[in-house]
Amino acid sequence: MGRFLLVTLSLLVVAFSLNGANSCCCPQDWLPRNGFCYKVFNHLKNWNDAEMYCRKFKPGCHLASLHSNADAVEFSEYITDYLTGQGHVWIGLRDTKKKYIWEWTDRSRTDFLPWRKDQPDHFNNEEFCVETVNFTGYLQWNDDSCTALRPFLCQCKY
């Protein structure tokens, strides 16, 4: 009996460690990916208010950062499933220096930038925050005015 219990517990530990945060720790309706949990919020907020909203969940939460095409595809499917309205969605990328130097709010590396054709353009010298675009299936990005009201995608470590 003792040996069976030990083997069972060991298998459970291995199973949970293989799954990591991808299934065990995210709240309901959040997407587990890469050790983080992601949620799209239907509240319309400007970029700064959206970032502050994400940070209020717990320390270390931010607007989402994306680092691969696989991330973009996964988030595209998730946003399409959970976004109740139409519209572009804020992510955590912006150009704070206004010199085409794009930075993530979580300070992760900027290694993936699937811009829409002719973007970014800083149109009218007003567009410094980044949204994922609905008419591209949320697979491409556009810079927009940080004051525009959008749904947004948060990422948290749980």
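The backbone N, Cα and C atoms fix where each Cβ goes, glycine too.
Listed in Swiss-Prot as the disulfide partner of Cys154, from the options Cys54, Cys129, Cys146, is Cys54. Among Cys25, Cys26, the one Swiss-Prot lists as the disulfide partner of Cys37 is Cys26. Among the candidates Glu103, Glu127, the one that Swiss-Prot lists alongside Gln119, Asp121, Asn142, Asp143 as binding Ca(2+) is Glu127. If you go by Swiss-Prot, Cys146 shares a disulfide bond with Cys129, out of Cys129, Cys156. Each residue in the domain 'C-type lectin' (33-155) has a pLDDT score, and their mean in this model is 96.
Comparing Cα positions, Cys54 (disulfide bond) lies closest to Cys146 out of the recorded positions Glu127, Asp143, Cys146. Nearest neighbour of Cys154 (disulfide bond) by Cα distance, taken over the recorded positions Glu127, Cys129, Asn134, Asn142, Asp143: Cys129.
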